[in-house]
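Enquirer: Dropping the structure in here first, questions after.
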Amino acid sequence: MSKKKVMVGMSGGVDSSVAAAILLEQGYEVIGATMQIWPDTDEETKLVEGGCCSLSAVDDARSVANKLGIPYYVLNFKDIFEKSVINYFKDEYLKGRTPNPCIACNRFVKFESMLNKALSMGIDYIATGHYAIITYDDNKKRYLLKKSVTQQKDQTYALYNVTQEQLKHILMPIGNFTKEQVRAKAKELGLYVASKPDSQEICFVNDNDYGKFIEENTDKEIKPGYFVDTKGNILGKHRGIIHYTVGQRKGLGIALGKPMYVVRIDAENNTVVLGDENEVYSKELTAYDLNFISIDKLEEPMRVKAKIRYSAKEADAVIYPLEDGKVRVVFDTPQRAVTPGQSVVFYDGDIVVGGGIIQ
């Protein structure tokens, strides 16, 4: 019987390197690949060094592939990355929302474009170094996405968009490992990326300065406007709505004699609404662009744990189906800084139920 083939998305980091090594040990025919996402200009030097697809990432991934003795490719996904990740990121900020580009990249680049490329090459699976577990439920006849064994590293929040058809062709071999075990495994294999630090920032934004990135990469005018309170009274001037996000207190550039927080961003009127901290809390939200994994669709209210951003703790909530395919999420206790444009992900224990984008 011929070996099953798997293309591993290699970022040059320790997680994807060890994922490739584990699959080799498990008897797969492994092919390494790094996504080329930067334009053909000097722009590529602007990618965050050490980021998941920078030039040094390609060098690191190639040397790991050589060490493991596997073929290695660099795949060109520049156009889809620009359209589905960078342009989406800019457009959302210009609309006064706060997007999560890593979720868009997973959805449109890794698990759509890269998977389709692999399948077109006659490869059975793609694999990544994500901390998550994929299983198959014989009773439900569905693939399930579950949290990794290590809660601090769990990455299921950014993976909720994967479909049943995609899950059939995805492997995530390090979901049962802790970060320490992954680093130890890399060391044991003699991979020099064993001690490489994790990438933290958005790969195409230097110094995490989103506002500066958008100003430099849009032809739209970033207009200053007014800070207003929740009653509409003018409090002062802001530098442009792209510089603010819900819940923000620092860096507002306005002194009001007491701490004030961004409560809402009104793109239509180019205003940033400020309020006291208690005004930043919300008991409910509406989500759209839903994807469900453990169920086919939401037909009746369901009790879940809901997570409103990557760094947030899960909170008890009930989700209700709405007629237009959206979902209403009602929390047991008010949540701080529910932010339009971010994703909300629903859990049932360690199982990902699904998720959507906050309206």
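Using N, Cα and C of the backbone, Cβ positions are placed for all residues, glycine too.
Below are the features I grabbed from Swiss-Prot:
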| type | residues | note |
| --- | --- | --- |
| BINDING | Gly9, Met10, Ser11, Gly12, Gly13, Val14, Asp15, Ser16, Met35, Gly129 | ATP binding site |
| ACT_SITE | Cys105 | active site, nucleophile |
| DISULFID | Cys105-Cys203 | disulfide bond |
| SITE | His130 | site 'Interaction with tRNA' |
| ACT_SITE | Cys203 | active site, cysteine persulfide intermediate |
| SITE | Gln342 | site 'Interaction with tRNA' |
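Let's see these features in context: how buried, what's close, how far.
Expert: According to DSSP, Met35 (ATP binding site) is assigned to a strand segment.
Long-range Cβ proximity for Cys105 (active site, nucleophile), meaning a same-chain Cβ under 8 A and a gap of 6 or more residues, is found for Phe81, Ser84, Val85.
DSSP classifies His130 (site 'Interaction with tRNA') as coil under the three-state reduction. The Cβ of His130 (site 'Interaction with tRNA') has Asp15, Gln155, Ala158, Leu159, Met172, Ile174, Gly175 as same-chain neighbours under 8 Å, each 6 or more residues away in sequence.
Secondary structure from DSSP puts Cys203 (disulfide bond) in coil. All chains included, 22 other C-beta atoms sit within 10 angstroms of the C-beta of Cys203 (disulfide bond).
Within the same chain, the residues at least 6 positions away from Gln342 (site 'Interaction with tRNA') whose Cβ sits under 8 Å from its Cβ are Thr98, Pro99, Asn100, Ile308, Arg309, Ile357, Ile358, listed in sequence order. Secondary structure at Gln342 (site 'Interaction with tRNA'), as computed by DSSP, is coil.
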Enquirer: Please report the Cα separation of Ser11 (ATP binding site) and Cys203 (disulfide bond) in Å, rounded to an integer.
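Expert: Each residue's Cα considered, Ser11 (ATP binding site) and Cys203 (disulfide bond) end up 11 Å apart.
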Enquirer: Rounded to an integer, what is the Cα-Cα distance in Å between Met35 (ATP binding site) and Cys203 (disulfide bond)?
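Expert: Met35 (ATP binding site) to Cys203 (disulfide bond), Cα-Cα distance: 12 Å.
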